[in-house]
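Pulled from Swiss-Prot:
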COMPBIAS  250-264  compositional bias 'Polar residues'
REGION    1-76  region 'Interaction with Bacillus subtilis DSR2'
REGION    237-264  region 'Disordered'
SITE      F13  site 'Binding to the host DSR2'
SITE      F23  site 'Binding to the host DSR2'
SITE      W72  site 'Binding to the host DSR2'
SITE      L73  site 'Binding to the host DSR2'
SITE      V173  site 'Binding to the host DSR2'
SITE      P200  site 'Binding to the host DSR2'
SITE      I218  site 'Binding to the host DSR2'
Amino acid sequence: MKTVIQDTADVYFKRKSDGKLVFTAEAQTASFSQAISEEKLRGGIGNKPLYILKSEKEINLTVKNAFFDLEWLAMTQGETIQEETKVKVFDREHGLIVDDTNKVTLKGKPVSDVTFYNKKGLTYKIAVSTDGTYTIPTAFAAAKDKLTAVYQIEKVGRRLAIKASKFSERYEVEYRTIAYNPDTEEVYSDIYIQFPNVSPSGEFEMSLENGNALAPEIKFEALADTDTDEMAVVIEASRDENTAAPVEDTTGSTQSSDLGGTTE
C-alpha cells in the first residue's frame, strides 16, 4: 500500500532488566540505518566477479529530542536516577556593599567556606558565619565597596552518577509514526518499527551554547534476537479497516493532466 510519511516518530524505550519505560513525544529525528559487509568473490579468466558475499548486518538507531530529559543521560550510563537527594552546589551573590563597620550580610545560607572577590579581582576566604554576617579586612575592601561572594549551598534534586565502571544496559525500542493516504490526505495507518534488543551507545554529548536549545541525541545498536534471529520488525496497522485505501493504477496507463484523457 502506497502512503506518505512526513512526520517524526514517538519513541518508547523499555529497559530489559526491570521494565522501566522512558517515552518521548518530542523527538526531532528518529532514524535507523542498516549496513552490511559485502565482498566480491572473483575467479576465472580476468578475475571476473562471480558472487557477492554478504555478512555482518548492522542496524544503528539515532534519536534526537527537542527537550532535555535526565532519563536520556541515564540510559547511556546504566545508572538509576536518585530522587529527592540532598546535594551541594555553588552559588554566588553580586553587588554586596560593605557597610560602615566593614561587614557584609549574605542572603543565602552557605554550607562551606565563603570566598569574596573585590574590584581588583583579589580573593578573601572566610569560614561560614552562623548569622550570615562577615567582617571584611579593611586592606581587602573599604566601606561602600562592592564585593562578590561565592559559596556552596544545599539543595534537593534528582541525582545521576556517572561511574567509570558502569555502562549502558539493554533496551527494547519502538518507533511509532503515522502514514497518510495520498489520495485523501487523511491519516491512513500507524507505522511501528520495533527493535527488541538494542544496546545504547555510551557516547553522549552535552553542548551548552547561548541562544541554541540543547537537543540531546542518543544512539543505539540493534542486536539479533537469539530465538527469532530478528533485529527489527516493521508493522503497518490501519487506523480504520473501513478507511478507503489509496487508489492504485493497475492498468499501466497514465492520466494526462492537460487533456483529462488517458495516454497508453
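Any Cβ shown, glycine's included, is placed from N, Cα and C.
On the structure: features taken from Swiss-Prot.
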residue : record                          : DSSP class
F13     : site 'Binding to the host DSR2' : strand
F23     : site 'Binding to the host DSR2' : strand
W72     : site 'Binding to the host DSR2' : helix
V173    : site 'Binding to the host DSR2' : strand
P200    : site 'Binding to the host DSR2' : strand
I218    : site 'Binding to the host DSR2' : strand
Cβ packing number for F23 (site 'Binding to the host DSR2'), 10 Å threshold: 12
Rounded Cα-Cα span from I218 (site 'Binding to the host DSR2') to W72 (site 'Binding to the host DSR2'), Å: 7
For F13 (site 'Binding to the host DSR2'), nearby residues of its own chain (Cβ under 8 Å, 6 or more apart in sequence): L21, V22, F23, M75, Y171, E172, V173
Cβ neighbours within the same chain of I218 (site 'Binding to the host DSR2') - under 8 Å, at least six residues apart: T62, V63, W72, M75, T76, P200, S201, F204
Cβ contacts of L73 (site 'Binding to the host DSR2') (under 8 Å, same chain, 6 or more positions away): L160, F204, M206, P216
Integer mean pLDDT for the region 'Interaction with Bacillus subtilis DSR2' (1-76): 93
